[in-house]
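Summarising the annotation, TrEMBL assigns transmembrane segment to A:40-67, A:88-108, A:133-152, A:293-311, A:323-341, A:347-367, A:446-468.
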There are 2 protein chains.
Amino acid sequence: MASTAVQPRALSSTVLLGLAPVASWFIVRPFLDPVPSLPGLFISIGFSLFAFMATLYLVPALGPTFIKAHLSGRDLLKVYATPIPESLGLVCASVYILALTLFIPFAFSDSLTARSTQTPEGISVPEFPHSRLSLYLSSLLSLLMATILGFLDDVFDIRWRHKLPIPIIASIPLLMVYFAERGNTHIVVPLPLRFLLGSLLNLGPLYYLYMSLLSTFATNSINILAGINGSEVSQALIIAISVILNDLLYLPWPIGFHLPVHLLGSKAEVEFGGVWSAGMAYGSKELVERHLFSLYFMLPLVAVCSGFMYHNWYPARAFPGDTLCYVTGMAFAVVGIQGHFSKTLLLFFLPQIFNFVLSCPQLFGLVPCPRHRVPRFDAGTNLLHPSKAMFMRPPSKLAATVLRIFSVFGLVELTLHPSGVILETTNLTILNFFLVRLGPMNEKRLVQVLICSQICGSVLAFSVRYGLAGLVYDGDRR
Amino acid sequence: MASTAVQPRALSSTVLLGLAPVASWFIVRPFLDPVPSLPGLFISIGFSLFAFMATLYLVPALGPTFIKAHLSGRDLLKVYATPIPESLGLVCASVYILALTLFIPFAFSDSLTARSTQTPEGISVPEFPHSRLSLYLSSLLSLLMATILGFLDDVFDIRWRHKLPIPIIASIPLLMVYFAERGNTHIVVPLPLRFLLGSLLNLGPLYYLYMSLLSTFATNSINILAGINGSEVSQALIIAISVILNDLLYLPWPIGFHLPVHLLGSKAEVEFGGVWSAGMAYGSKELVERHLFSLYFMLPLVAVCSGFMYHNWYPARAFPGDTLCYVTGMAFAVVGIQGHFSKTLLLFFLPQIFNFVLSCPQLFGLVPCPRHRVPRFDAGTNLLHPSKAMFMRPPSKLAATVLRIFSVFGLVELTLHPSGVILETTNLTILNFFLVRLGPMNEKRLVQVLICSQICGSVLAFSVRYGLAGLVYDGDRR
């Protein structure tokens, strides 16, 4: 049992071989007449399918090499101690970045974009989009830096307090190019504050701070919601799919749709699709291109995450390491910043925000923080129980108050001394919270609960973004 | 003795602290009136000085971390077996790339370049140089990829036959952006061939092949000339300095110089300097900018290499690993390609070309190739002797012929059976060649000989480039 459990998961070569012609068709299609209206998107889908196949194949193939290079660990929540290859997020990141690199000529090649940027009146924009190419390259640089830093983190095992600010380094290329290009540092002020600040506010240097903090948050918030098989990659997958769904609203669909969001309290209906100039983009080519840019980065990300999830699913045959969190987090920051929809993006991070807020007392030293906060594994029943942090000395007044409030809301379970002093608390993570609320369950069920919460978060995010945002922003908010 | 020999080399904090204000002055100077004519160059020098200090400080500081992460090795040519931290080229590469990234706004920021691109008539070019920014970013991407790949090579210890083509992957961003920007694929045909091919030849896809092979050659040729303390970094340092000297010829110096190259057989004199439109650039702003681009990449490279050389000098306290070779090789390929002086660049690789040609019989399996071809260390005398490759079975006819020719030219020393069959040959590297010609010497002397040969190679390169090139190319060759 022990040894078979860590055999690489079987791959169906029929699936792999069957996908290849489909992927090839997507890449070839834009070169055939009639040229589709968004040729780059076709090629991006084709590349993503190839990236999916490559990840699916390479992760088990390279596992032994990683184990040989001391990049392995045992699964803490299993009965067996066989080493599982670690840091295979590096393979995902490499495939992802290679796909994005090979895509460069197709995202901007004028032979393709000249057709796609034609207005309905037939006026084409002949000039090469150098500026967008620079943004694309700076995004790629940041992703590559995130990959290196994540892998260094895996190799050198940097302590988590030291690694919190590391993503800021990876965001430097993004910021530098934004600065060199004299990027826009204005934000739209919400309606209730306009009497005070006007409708546009120039944040100046603060905007750069905001951008670098966004990448830090996106990276670390995924990283601290980790520890069980499939947790990191499933978060990344669902956030990426949410971003893609949001992007699709802005594309020039040949047919029109209406969403009945007035049921959610919005005054205006959400329309998307229709002719080129219709839909959520409201005729803004700029907006369509921002969301195309986002799609180009998200489609291959979904591809490598799906491919990796197959091997990382319970019981995991490969671990992602920090590399995966760094790359996926940076990818989200990149599309949020370059696509100018960072607030919408943050809405897709609701479970991560919840987990982060819940974790704060432990992250900032108010409550003792053990090396691992993953749930406790009971080998006898194969169930996970909430893990606990013990107070070596009585908690400070502030810590006790915070924990009692958490306890009232059912976020933690406290162990009290008869005198009322807190002796132990369940660790402050969303995973332990689930176990406290829903009772002990096995690891597979727990990751399914996590996935459900992420999906519910995204549904809520869409309702807020397209239902309630009209209350604080103008109708034509981008 | 053994333990003291591997103590980190002492750093003079006076030098470090004394350099900081100098570096700061270079960075601040362009913002003061009167603005110098090439403000970016000042900032580049300032950043390079900081990079020098950072490397000098970080290499010994991070050594123990590398040892802890299994990145260490013993020095094969020493009596002691203490582990020496390996792969510290990663530190050089990180500092180098960080310096180049932080430099982005200063290389292209219009507030700076608007002044520097002013023509003597006072016409300034207001448009932001997006296209040059893309080239800069694609170069940075290739360098970053080379860093990752080099470090992966160190961690996973890839066999050398497999790693020969790896630099091609790192050159992909360069090629993709070149392609997306519809880069020029024409070459100027040498005079003697023009009757056949015309004066300009479009290589088309072959040009891309040439570019990727250039990066492969630059990387691997430095990598195979390795094995003794200081060998990799000193090669990189001298090539970089040669490129810088060549770049300086094209800058708009305030005073004019003349080089008496007619003494070397050239008809025209080499003039450089003079007013903006004078010198080797012959009034071409394009040419000045290409060589500025090259300087921006070479100055920090010289800085990190010098800083690292201090710790890598005999007896080495830190090893570069493959990372350094990958990054420096890619940096040379980048400036050669983007600066359009790849033929001149190759001239600076004369010792590497010699070493590569000499190595071919071993690289391509004609002659047995042991795992290490470094010279043999005699612990008794502390001298290095040529190492040998033994023939397990008699060499093929071709191998025997090649070796006998090499032997006639004094490149190898053969051990013959009385019957005349070759039993052994000294390994086919330039280092063993030096030991064959000059007799056994200690490691420090051998690296000094290597440095001398590299300098002589560069002197010869300049003579050929500016003395003899006029015979096969027009006078206004770029």
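Placement of Cβ uses the backbone N, Cα and C atoms for every residue, glycine included.
Curation does not apply to TrEMBL; its annotations are automatic.
Keep in mind that this is a model prediction, so the values were computed, not measured.
Within the chain, the transmembrane segment (A:347-367) has long-range Cβ neighbours (under 8 A, six or more residues past its boundaries) at 217-218, 220-222, 224-225, 235, 239, 242-243, 373, 389, 391, 395-396, 398-399, 402-403, 406, 411, 425, 427-430, 433, 450, 453-454, 457-458, 460-461, 464-465. In this chain, the transmembrane segment (A:88-108) lies apart from the transmembrane segment (A:446-468): fewer than three C-beta pairs between them fall below 8 angstroms, excluding pairs fewer than 6 positions apart. Between the transmembrane segment (A:133-152) and the transmembrane segment (A:446-468), fewer than three CB pairs separated by 6 or more residues in sequence fall under 8 Å, so the two stretches do not touch. Counted over residue pairs 6 or more apart, the CB atoms of the transmembrane segment (A:293-311) and the transmembrane segment (A:40-67) come under 8 Å in at least three pairs, which marks the two as touching.
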